[in-house]
Structure formats: structure tokens, C-alpha cells
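Only one structure is covered here, and it is reproduced in the block below.
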Amino acid sequence: MSKFSFNIHQMHKKARSGVITTAHGEIRTPAFMPVGTRGTIKAMLSESVAETGADILLGNTYHLMLQPSSERIARLGGLHKFMNWHKPILTDSGGFQVMSLSKLCKITEEGVSFSSHINGDKYMLTPERSTEIQYLLGSTITMAFDECTAYPATFEEAKTSVQLTTRWADRSRKAFVKREGYAQFGIIQGSVYQELREQSAKDLVKLDFEGYAIGGLAVGEGQELMFKVLDYTPNFLPQNKPCYLMGVGKPADIIGAVSRGIDMFDCVIPTRSGRNGQAFTKYGTVNIRNSKYADDDEPLEYDCLCPACKNYSKAYLHYLVKIGEILGSMLMTWHNLTYFQNLMSRIRTYIKAGQDFDFIT
């Protein structure tokens, strides 16, 4: 079994191209992770997701603990076997979903108590329980339990949140079962305040996580403020460890973040947009529901090798989406995931060549 490691092969200014080695294989960076919230990438087979070029996907602790339960998945051989995905899996800690989906959640020093959005059952999620659930799932990369600071937040509110996240990170780290090829990432918080981002980073670096994530962005602050935070936050982190920007997935945001030193991304944008009839292309987004595509016999993109582009016209995709046919969601999702993996591949190529890539879309 391979040890967990991160090797930077090439840098261009702050942008890095490299490889993360894990127990479940290698991850080429910069990397985009499709989101498999409930143990599936919606409208896709796991092997089809692999064919798009994805090296890693994301699963969600909150949803999987509720259904079918982490204990059941463990009895069935772990999440990799359960969903027939044999590459790395990163699971989030569940905290963000608890705080955003549960109408009645209470945050204390111990953790977060909440009611299931499914049936109202009461649960308590603590740093220890979150870490245990991710262990039972067999996650390649486990995320420390954190409080995602709401936006906007005052300096004092953000400071209190950072301090709680640091204490929870310490408990998460102590609960983490170290195994060769597996990792745990700490999550930097601090809202839009440089002083707090720096303090959060310093506190978590002391805990010696295998990697670090930047949380609390893409929550309403806008691209300008997000990039401002990214201009300085990666500088506070070890350069020899992966840096993951959570929940960010617009192509322009990815490009701007990579140029500021980010290595990993996740977002529901390609899958959700695909199911809603929106395709990403090198020439801009295409709303396939638009009536102008009803007689368009051309593919979404001529040089895209996904099944939607190789085998079907925009007119056919328009028809499928308009009538609500499941195949339409599948083909549009397949195309979008392929687009995002091609985007990451192109970015890696430009970094290796020592060239700017801010014009890529």
C-alpha cells in the first residue's frame, strides 16, 4: 500500500501541478472532485465518472450517516465497494450540511445536535463521531469537523467560530485512526479577515494534518472578496501539502484559485447544471432547453469525446431534456463532468509548460 504523499512536479508562479499518492491510487493536481452526496454521482454510473477523467470524488458524511448509515456501509465492505468506485474518496465532515439543512440545530462545545431533515429523528454530531463515521465509510481523505462561518459575520463572530473550529480540529485529529495511504485535512476558517485566517492556519498547522482546506468561501462574499482571501491564505500553509478550496466550482473561480496556489476543488455545479439542461463548453454555457436548439443537428462541442458529443445532436439533447427523459440528465451530466476534467487537464498542461492560463474557460 502506498503512503500518502504530495509531490509538486511543476510550478508556474503560485500555480502547482503535481500528484497526490493515496491508498486508493493517484490524484493528478489541480484536481476537480465530482460530488457524490449520497454515495452516487446523480444520473451517472461510477465507471462512467471514471471515464470522464476524474481521479477522486466526494461523499457526504451527513447524508450517509442518515441513510443507509455508516455502520451498514461498513458491514457491506465500505463506501468504495458499496458504490463500485475504486479510486480515492474524500468525505466532508457533515457540519456544513447539518447547519444548513437542519431547521433546528444547536451548536455547543460538544458538537452539533440536530433533527434529521428526513424523519425528524434526533442526532448529535461531534468531532469524534464525524471522524468515526468517515472511518467506517473507508474514506481515503477525511475532513476535520468544523463550523462553517456564516457570511456576513463580524470580526468577533468570526473569531469565536475560528476558536471553536480549532478546538474541534484538535479533537478530530486525536480521533483520526492513522493508516498508510489515508489522510485527514484540517479546515481553515476566518471569514474575510486576514488576521483570523492567519491565526486559524497557524493553529491547524500545529496539528500536522496531511493536507489543509480553505472553508467558509463561496457563501455569498463574491468573487472579488474570495480572491482577496486566496491571495494570502495559502501563504500561511505548508507548501508541501495539498490545499483544497471547498465548494468552489465555477470555471473562472477555479482558474483564479489555481493561480493562487489551490490544488483541489469540489462543487455540484457540473452535475446540477447538467440535470437542469445547462452545458458547459469552451465557447460558453448552453441552455439546451432553449427553442433555438430544437433543429440544431450539431454536437455540443465537436472536439469533446463524451458520449453526448460523439453520438448525439443538440436537437436530441433538447428533446430529451424538454420531455424530462432520464437519458437527457445522464448525457448532459456526462458532458459537464468531461468538460470540467478537460479543464483541469488543460490547466495542468499550461502549468507544466510554464504558461499563463487565465484565458482558459
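Yeah, the Cβs are placed from backbone N, Cα and C, and that goes for glycine too.
Feature annotations, reproduced from Swiss-Prot:
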- D92: active site, proton acceptor (ACT_SITE)
- D266: active site, nucleophile (ACT_SITE)
- D92, S93, G94, G95, F96, D146, Q189, G216: substrate binding site (BINDING)
- C304, C306, C309, H335: Zn(2+) binding site (BINDING)
- 247-253: region 'RNA binding' (REGION)
- 271-275: region 'RNA binding' (REGION)
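The structure, with features from Swiss-Prot marked on it.
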residue	record	DSSP (3 states)
S93	substrate binding site	coil
D146	substrate binding site	coil
Q189	substrate binding site	coil
D266	active site, nucleophile	strand
C304	Zn(2+) binding site	coil
C309	Zn(2+) binding site	helix
H335	Zn(2+) binding site	helix
Proximal but sequence-remote residues of the same chain as G216 (substrate binding site) (Cβ under 8 Å, at least 6 apart): C148, T149, Y151, Q189, G190, S191
Tertiary contacts of the region 'RNA binding' (247-253) (same chain, 6+ residues out, Cβ under 8 Å): 32, 96, 215, 217-219, 223, 226, 265-270, 280, 340, 343, 360-361
Cβ neighbour count within 10 Å of C306 (Zn(2+) binding site): 25
CB-centroid shell, 8 A cutoff, Zn(2+) site C304, C306, C309, H335, site residues removed: P299, L300, E301, L305, P307, A308, K310, W334, T338, Y339
Pairwise CA distance, G94 (substrate binding site) versus C304 (Zn(2+) binding site), rounded so that it is a whole Å: 35
Spatially closest candidate among D266, C304, C306, C309, H335, the listed recorded positions, to S93 (substrate binding site) (Cα to Cα): D266
Integer Å distance between the CA atoms belonging to D92 (active site, proton acceptor) and C309 (Zn(2+) binding site): 33
G216 (substrate binding site): secondary structure state under DSSP, collapsed to three categories: coil
List of residues, in chain order, with Cβ under 8 A from that of F96 (substrate binding site) and at least 6 apart: C148, G215, G247
For substrate, whose listed binding residues are D92, S93, G94, G95, F96, D146, Q189, G216, the greatest C-alpha pairwise distance in Å: 16
For H335 (Zn(2+) binding site), the one of D92, G95, D146, D266 that lies nearest, given that the recorded positions are compared by Cα: D266
Model confidence over the region 'RNA binding' (271-275), averaged pLDDT: 98
Cα distance (Å, whole number) from D146 (substrate binding site) to C304 (Zn(2+) binding site): 39
Output field, substrate shell: CB within 8 Å of site CB centroid, site D92, S93, G94, G95, F96, D146, Q189, G216 dropped: M143, F145, E147, C148, I187, G215, M246
